[in-house]
Amino acid sequence: MARYVFITGGVVSSLGKGLASAALGALLQARGFSVRLRKLDPYLNVDPGTMSPFEHGEVFVTDDGAETDLDLGHYERFTGVSARKTDSVSSGRIYSNVLEKERRGDYLGKTIQVIPHVTNEIKDFLRVGEDEVDFMLCEIGGTVGDIEGLPFFEAIRQFAQDKPRGQCIFVHLTLLPYVSASGELKTKPTQHSVKELRSIGIAPDVLLLRSERAIPEKEREKIALFCNVRKEAVIAAYDLKTIYEAPLAYHREGLDQAVLDAFGISPAPKPNLDRWVDVMDRLENAEGEVRVAIVGKYTQLEDAYKSIAEALTHGGMANRTRVRAEWINAELFEREDPSPFLEGFHAILVPGGFGERGTEGKIRAAQYAREKAIPYLGICLGMQMAVIEAARNLAQVKDAGSEEFDHEVGKKRFTPVVYHLKEWIQGNHIVERKHDDDKGGTMRLGAYTAALTPGSRVSEIYHATEIEERHRHRYEVDVRYREALEGCGLTFSGMSPDGRLPEIVEIKDHPWFIGVQFHPELKSKPFAPHPLFADFVRAAVEVSRLV
């Protein structure tokens with residue numbers, strides 16, 4: 001039976017609950033325990049799949065096709081444990097499930113209420129898989145006091161009450177602000193946050209204090225006294241240069257020991273943190289630097305491409321090189337020469353995205369990389385842009401484009417070399433889609449197998465002829481243009497097992513030019529960099545040595 005750790009936040013949002021949860025999971029793993037991490041989000045969207053990246057950041061996709069919060073990416077990167085659909089839930093999903101049950105008559109005519117029906121649905125979610133691991137770490141989104149979060153706080157209060165004593169603990173993350181006028185760290189916001197938490201029946205066992213300044217011993221003692229928490233369980237959470245320092249930093253502060261003490265686990269197994277020491281060594285002792293241009297649409301918010309930024313960092317670790325990723329808005333050169341914007345970069349990456357805005361700039365970026373022999377990695381839409389560029393400028397399909405950008409019914413602006421995907425094979429059955437389907441959850445989602453051409457660059461990078469990668473798309477390159485494009489040098493080196501869906505394209509007569517329909521960044525880890533990103537950065541290093 002799993003022990004449960006509930007991670008909550010107070011004072012302000014975006015303090016780093018997800019990273020704290022991931023770091024704690026990594027520390028418990030380092031002591032020999034098995035873990036699983038979960039995220040409970042109070043928003044009413046069923047999932048983040050239809051939310052704007054500017055609202056929510058990136059959507060992290062699991063192997064089994066769930067569209068989830070980006071925090072699940074942190075969980076996977078820090079622990080190596082693949083997330084599942086059952087590791088993410090929102091108020092929207094909970095209420096949807098409850099209302100479906102009501103319509104079916106499952107509640108036998110009873111009046112449906114937040115308590116007990118909604119809270120019971122949340123508790124049922126928490127119980128899934130509780131026999132599989134030693135620790136279940138559950139992060140509650142938002143902050144204590146948010147009205148939309150109240151059913152979740154009530155549910156975890158009940159859940160802990162239902163479990164045997166010592167089976168559940170609560171970790172609360174708050175802000176310790178520094179007031180420059182008085183030269184002091186202020187503890188009052190933390191005291192009020194804990195007071196709010198206790199008012200709904202939850203007493204924190206461990207406090208994490210986010211601070212940009214060293215926390216004096218007297219302030220820790222004060223917080224311990226007023227918040228009724230052991231002094232040893234008042235843990236500093238300082239600002240760090242890199243998120244990958246978090247496991248070592250939290251261990252130095254005693255977080256993992258405080259959690260084990262709260263559970264009464266003694267003596268605790270000693271941690272083996274060698275791989276995190278190696279990660280930090282590779283980051284801090286990089287032997288060079290490469291500049292990578294990320295030509296995208298959502299460049300104002302780095303969280304929109306969070307996994308890509310982290311995967312590039314991992315690729316740098318694999319090559320003991322610092323990767324300086326620079327975000328460039330593709331709209332800047334939709335109608336002009338991209339050279340002034342892209343000169344001086346050692347590699348170019350065009351990530352996934354939706355909609356027509358900025359696509360001509362991405363196509364120009366792919367052309368620049370192809371003609372200037374600059375390493376190019378196109379992901380999802382980035383692969384489609386590379387194919388459209390090759391179709392226009394090499395295969396002489398001058399009006400090549402995507403069905404995604406032909407908005408007017410009956411009026412075609414482009415010859416669609418990229419089309420709306422209407423059916424594909426998933427497991428042993430065929431999935432069918434129509435243009436007028438709902439937007440949410442209707443894409444080709446999750447892990448799919450691809451067959452690689454023996455002797456191709458990608459087969460050499462993967463050291464395999466069959467791979468499995470995660471997808472999130474509803475448009476696909478039209479395989480009918482394969483012969484024309486391959487005749488111009490753009491090879492289709494990865495295909496779906498049935499040979500119908502192009503998964504990877506590459507240019508042989510180029511230092512490094514690869515487009516992939518899937519999202520390799522979602523499977524990269526600091527201690528296991530994704531092979532595509534590792535080799536992409538290696539190619540950038542080669543270019544940097546020629547400059």
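Yeah, the Cβs are placed from backbone N, Cα and C, and that goes for glycine too.
Using a 10 Å radius centred on the Cβ of CYS380 (active site, nucleophile) and all shown protein chains, the other Cβ atoms total 21. Taken from Swiss-Prot, the feature active site, nucleophile covers CYS380.
What Swiss-Prot records for HIS519 (among others) is active site. The Cβ of HIS519 (active site) has VAL61, SER307, GLY352, ILE379, CYS380, GLU469, ARG470, HIS471, ARG472 as same-chain neighbours under 8 Å, each 6 or more residues away in sequence.
Classification of GLU521 (active site) by DSSP places it within a helix. Sequence-distant neighbours of GLU521 (active site): residues of the same chain at least 6 apart with a C-beta under 8 Å from its C-beta are SER307, ILE308, GLU310, ALA311, ILE379, HIS530, PHE533. For GLU521 (among others), the entry in Swiss-Prot reads active site, with the evidence type sequence analysis.
What Swiss-Prot records for SER13, LYS186, THR187, LYS188, PRO189, THR190, GLN191, LYS222 is UTP binding site. Other Cβ atoms within 10 Å of the Cβ of LYS222 (UTP binding site), summed over all protein chains shown, number 16. Mapped onto three states, the DSSP output places LYS222 (UTP binding site) in helix.
Within 10 Å of the C-beta of GLN191 (UTP binding site) there are 16 other C-beta atoms, taking all protein chains into account. Look at Swiss-Prot and you will find SER13, ASP146, ILE147, GLU148, LYS186, THR187, LYS188, PRO189, THR190, GLN191, LYS222 tagged as CTP binding site, backed by sequence analysis.
Of all Cβ atoms in the shown protein chains, 19 besides its own fall within 10 Å of the Cβ of LEU15 (ATP binding site). Mapped onto three states, the DSSP output places LEU15 (ATP binding site) in coil. Residues or ranges marked as ATP binding site in Swiss-Prot: SER14, LEU15, GLY16, LYS17, GLY18, LEU19, ASP71.
According to DSSP, GLU139 (Mg(2+) binding site) is assigned to a strand segment. Residues annotated as Mg(2+) binding site in Swiss-Prot: ASP71, GLU139.
The Cβ of GLY382 (L-glutamine binding site) has 26 neighbouring Cβ atoms from other residues within 10 Å, across all protein chains displayed. Annotated L-glutamine binding site per Swiss-Prot: GLY353, LEU381, GLY382, MET383, GLN384, GLU404, ARG474, in sequence order.
Taken from Swiss-Prot, the feature domain 'Glutamine amidotransferase type-1' covers 291-546, and the record attributes it to sequence analysis.
According to Swiss-Prot, the feature region 'Amidoligase domain' maps to 1-265, an assignment based on sequence analysis.
Apart from GLY353, LEU381, GLY382, MET383, GLN384, GLU404, ARG474, the L-glutamine site neighbourhood in this chain, defined by C-beta within 8 angstroms of the site C-beta centre, holds GLY352, PHE354, CYS380, MET385, SER402, VAL418, HIS473, TYR475. Residues SER13, ASP146, ILE147, GLU148, LYS186, THR187, LYS188, PRO189, THR190, GLN191, LYS222 are recorded as binding CTP; their most distant pair of Cα atoms lies 31 Å apart. The DSSP secondary structure for ASP71 (ATP binding site) is helix.
Note on the binding-site residues LEU19, LEU381, MET383: the fewest other CB atoms within 10 A surround the CB of LEU19. When the Cα atoms are compared, GLU404 (L-glutamine binding site) and THR187 (UTP binding site) turn out to be 53 Å apart.
When the alpha carbons of LEU381 (L-glutamine binding site) and GLY16 (ATP binding site) are compared, the span between them is 30 angstrom.
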